[in-house]
């Protein structure tokens, strides 16, 4: 009887730890960039972007999403990347008529 009680306790403890880990999926990056584009992407092709700054990723990057749904990694230190993110920020803030 004591053995089954101890096993039940261990099972419940393990389950509670598992649910706590799964409750924080935001701490795990969904993607990391390993290479970055060397070509400038025209603003007319860009739809959105996200910043990859997680410590688990080797490179800090901007991931642009194009109007065709393609994701492209770019170096956030490049001037064209900074200009493109500013353009997208302004575009998203401007209300459409």
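Cβ coordinates are placed from backbone N, Cα and C, and glycine is handled just like the others.
Taken from Swiss-Prot, the feature disulfide bond covers 32-57, 33-73, and the record attributes it to similarity to another entry. Annotated O-linked glycosylation site per Swiss-Prot: 94, in sequence order, evidence recorded as similarity to another entry. Per Swiss-Prot, the feature signal peptide maps to 1-23; the stated evidence is sequence analysis.
Put simply, of the recorded positions 33, 73, 94, the one whose Cα is nearest the Cα of residue 57 (disulfide bond) is 33. Shown in sequence order, 52, 57, 59, 61, 63, 73 are the residues of the chain, 6+ apart in sequence, with a C-beta less than 8 angstroms from the C-beta of residue 33 (disulfide bond). Long-range C-beta contacts of residue 32 (disulfide bond), restricted to its own chain and to partners at least six residues apart, with a cutoff below 8 Å, comprise 52, 54, 56, 57, 58, 59. A simple way to gauge crowding: the CB of residue 94 (O-linked glycosylation site) has 7 other CB atoms within 10 angstroms, across all the protein chains here. Ranking the disulfide-bonded residues 57, 73 by how many Cβ atoms sit within 10 Å of each one's Cβ puts 73 at the top.
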